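**Q** I'd like to ask you about the structure that follows.
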Amino acid sequence: MLGNVKKTLFGVLCLGTLCLRGLMAEPDAKELVNLGIESAKKQDFAQAKTHFEKACELKNGFGCVFLGAFYEEGKGVGKDLKKAIQFYTKGCELNDGYGCNLLGNLYYNGQGVSKDAKKASQYYSKACDLNHAEGCMVLGSLHHYGVGTPKDLRKALDLYEKACDLKDSPGCINAGYIYSVTKNFKEAIVRYSKACELKDGRGCYNLGVMQYNAQGTAKDEKQAVENFKKGCKSSVKEACDALKELKIEL
């Protein structure tokens with residue numbers, strides 16, 4: 001009788017396992033990307049590559065971009081810029097802003113492809129449309145200096161503003177700079193303040209200069225010094241020099 005009980009229990013357990021297997025779904029594309037990131041953190045690049053490949057096959061743009069980065073940097077695979085470009089392109093086509101931005105970098109610098117500032121600007125433009133902050137900032141710089149696209153200060157400012165809104169501190173600083181040279185000091189202060197809040201020492205230094213010189217605000221030497229200190233702690237040489245000139249120790 002005991003033998004029959006054991007057989008019954010075993011049968012139930014087997015049935016439970018079969019049911020469990022049936023309920024356990026394969027990881028979806030997003031989960032595969034997360035698994036890939038975890039494997040990469042553990043320096044298991046071969047396993048990470050496998051996860052990213054599967055995610056990319058499932059049309060996850062971020063997975064394709066990670067795979068491209070592995071080929072660009074030679075992690076878990078031989079370094080291969082052509083393959084990197086192939087996967088960045090697929091990521092960009094799948095509307096991943098990082099992929100578009102990285103493609104822009106490669107075309108701008110002529111890495112793995114012929115140098116082409118115009119094509120780079122097109123990829124940066126798509127990256128920006130997809131709300132990739134760095135893409136907006138770099139595209140703004142291209143318009144600012146007329147590289148690969150007509151020079152357009154108004155367009156540059158709009159792009160810097162968008163980058164700043166997306167919490168890109170260089171975008172805030174560049175927007176602040178344009179406002180400064182056009183004597184719109186109050187707007188410059190707003191942008192430099194945001195850059196400083198984003199822990200960018202250059203923004204803190206620029207804000208301090210405006211506070212010290214009473215540009216767009218009442219003169220405030222005490223607050224200026226505090227911002228020079230923040231800048232100096234972030235290794236901004238000009239901020240450290242300002243403190244030395246004022247004979248103030250960090």
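Here the Cβ of each residue, glycine as well, is placed from N, Cα and C on the backbone.
Pulled from Swiss-Prot, these are the listed features:
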- 1-25: signal peptide (SIGNAL)
- 29-62: repeat 'TPR 1' (REPEAT)
- Cys56-Cys64: disulfide bond (DISULFID)
- 67-98: repeat 'TPR 2' (REPEAT)
- Cys92-Cys100: disulfide bond (DISULFID)
- 100-133: repeat 'TPR 3' (REPEAT)
- Cys128-Cys136: disulfide bond (DISULFID)
- 134-169: repeat 'TPR 4' (REPEAT)
- Cys164-Cys172: disulfide bond (DISULFID)
- 170-202: repeat 'TPR 5' (REPEAT)
- Cys196-Cys204: disulfide bond (DISULFID)
- Cys232-Cys240: disulfide bond (DISULFID)
**Q** Around Cys232 (disulfide bond), which of the listed disulfide-bonded residues (Cys56, Cys196, Cys204) come within 10 Å, judging by Cα atoms?
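**A** Close disulfide-bonded residues: Cys204.
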**Q** Return the residues near Cys240 (disulfide bond) by Cβ distance under 8 Å, restricted to its own chain and a separation of at least 6 in sequence.
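**A** Cys240 (disulfide bond) has long-range Cβ partners Gly231, Cys232, Leu250.
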**Q** Considering only the disulfide-bonded residues Cys56, Cys64, Cys92, Cys172, Cys196, Cys204, which fall within 10 Å of Cys128 (disulfide bond) when distances are taken between Cα atoms?
**A** none
**Q** Using DSSP, what's the helix, strand and coil tally for the repeat 'TPR 4' (134-169)?
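**A** Output for the repeat 'TPR 4' (134-169) reads 26 helix, 0 strand, 10 coil.
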**Q** Near the Cβ of Cys56 (disulfide bond), how many other Cβ atoms are there if near means within 10 Å?
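**A** 25, counting other Cβ atoms within 10 Å of Cys56 (disulfide bond).
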**Q** What average pLDDT does the predicted model assign to the repeat 'TPR 1' (29-62)?
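**A** Its mean pLDDT is 95.
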